[in-house]
């Protein structure tokens with residue numbers, strides 16, 4: 001990661017700067033909020049494209065209210081008022097692609113598999129950040145990435161061994177990870193000029209328009225047929241999208257994209273636990289070991305304060 005893109009660190013064995021600590025907390029909360037989405041997609045009584053649209057569309061009123069509150073707190077701050085910047089529009093487009101392939105993947109493989117491949121986004125963040133933006137990351141982040149990938153692989157090892165028929169869904173999950181990686185970079189770029197609430201709201205408008213057109217073209221029906229169906233979509237919208245994507249946008253304004261994307265591996269752990277509780281998908285000891293690898297990897301890659309020079 002280039003120096004310009006890395007938040008300033010202090011140099012003493014001290015606590016992380018408040019902004020960075022808040023960013024890490026927001027990223028962890030975002031991962032947990034998004035972890036319930038694959039199980040909810042399975043429970044929705046609409047198709048994968050319709051659920052993708054409602055996931056974003058139903059969150060728009062909440063995101064609009066958040067944006068208005070953000071603007072009211074800083075009415076004269078031009079950076080927070082930049083509207084539909086190129087990075088924000090790009091974030092909306094790649095997020096629509098992410099959800100398109102993600103919801104298909106969830107319907108065609110196990111929750112653990114789909115989540116693992118989607119959360120492999122850090123690989124693409126590092127690769128695209130280097131190829132497109134010339135960003136470099138340090139050895140701790142690369143070591144943490146390796147541990148997280150090994151841990152994620154352990155989470156799905158059992159599924160790979162006994163479910164080769166999931167290959168198509170796994171492939172869709174890989175494509176999801178590519179789009180999610182691009183999404184991290186786009187939101188990180190958008191947050192340099194625009195507030196978190198506005199980025200999340202405006203990218204959601206772009207994504208909702210794309211997903212609505214997709215759902216109308218490919219789904220037999222757009223509306224849920226039961227109150228429980230609407231309830232599932234509402235939770236998906238408010239928790240996974242408004243909460244998850246909103247917190248992710250907050251975090252990416254305070255942390256490097258490469259480290260932030262590593263924290264998303266927590267989603268794989270939480271999703272496997274949710275799938276075990278809600279869908280009855282088994283969790284075996286090797287998956288527990290994989291979760292431990294992920295936690296260690298995030299710890300290894302954590303931002304490190306540096307000592308402040310003595311005047």
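Every residue, even glycine, has its Cβ placed from backbone N, Cα and C.
Fair warning: this is a prediction, and the values are worked out from it, not measured in the lab.
If you look up TrEMBL, you'll see 22-151 (among others) marked as domain 'EamA'.
Among the features that TrEMBL reports, domain 'EamA' is placed at 169-300 (among others). Counting residue by residue with DSSP, the domain 'EamA' (169-300) contains 108 helix, 0 strand, 24 coil.
Remote same-chain partners of the transmembrane segment (49-67), defined as residues 6 or more beyond its termini with a Cβ less than 8 Å from a stretch Cβ, comprise 37, 41, 95-96, 99-100, 102-103, 195, 197-198, 200-201, 204-205, 207-208, 211-212, 214-215, 218-219, 221-224, 233-234, 236-238, 240-242, 246. The feature transmembrane segment is assigned by TrEMBL to 49-67 (among others).
With a threshold of 8 Å between CB atoms, the same-chain residues lying at least 6 positions outside the transmembrane segment (88-105) that come near it are 41, 48-49, 51-52, 55-56, 113-114, 117-118, 169-170, 172-173, 175-176, 179-180, 182-183, 186-187, 190, 194, 198-199, 202-207, 210-211, 214, 245. Residues or ranges marked as transmembrane segment by TrEMBL: 88-105 (among others).
Marked as transmembrane segment by TrEMBL: 111-133 (among others).
If you look up TrEMBL, you'll see 140-161 (among others) marked as transmembrane segment.
TrEMBL lists 167-187 (among others) with the feature transmembrane segment. Distant neighbours of the transmembrane segment (167-187): 87-88, 90-91, 94-95, 97-98, 101-102, 104-110, 113-125, 127-129, 132-133, 199, 203, 248-249, 252, 257, 260-261, 264; these residues of the same chain sit at least 6 beyond its ends, with a Cβ under 8 Å from one of its Cβ atoms.
The feature transmembrane segment is assigned by TrEMBL to 199-218 (among others).
The transmembrane segment annotation in TrEMBL covers 230-250 (among others). Nonlocal intrachain contacts for the transmembrane segment (230-250), taken as residues 6+ away from its ends with a CB within less than 8 angstroms of a stretch CB, comprise 22-23, 26-27, 29-31, 33-34, 36-37, 40-41, 43-46, 51, 54-59, 62-63, 66, 95, 187, 191, 196-197, 199-200, 204, 224, 260.
Positions annotated as transmembrane segment by TrEMBL: 257-276 (among others).
If you look up TrEMBL, you'll see 282-301 (among others) marked as transmembrane segment. Sequence-distant neighbours of the transmembrane segment (282-301) (same chain, 6+ residues past either end, Cβ-Cβ under 8 Å): 112, 140-141, 143-148, 150-155, 157-158, 259, 262-263, 265-266, 268-269, 272-273, 276.
Residue counts of the domain 'EamA' (22-151) by helix, strand and coil are 106 helix, 0 strand, 24 coil (DSSP-based).
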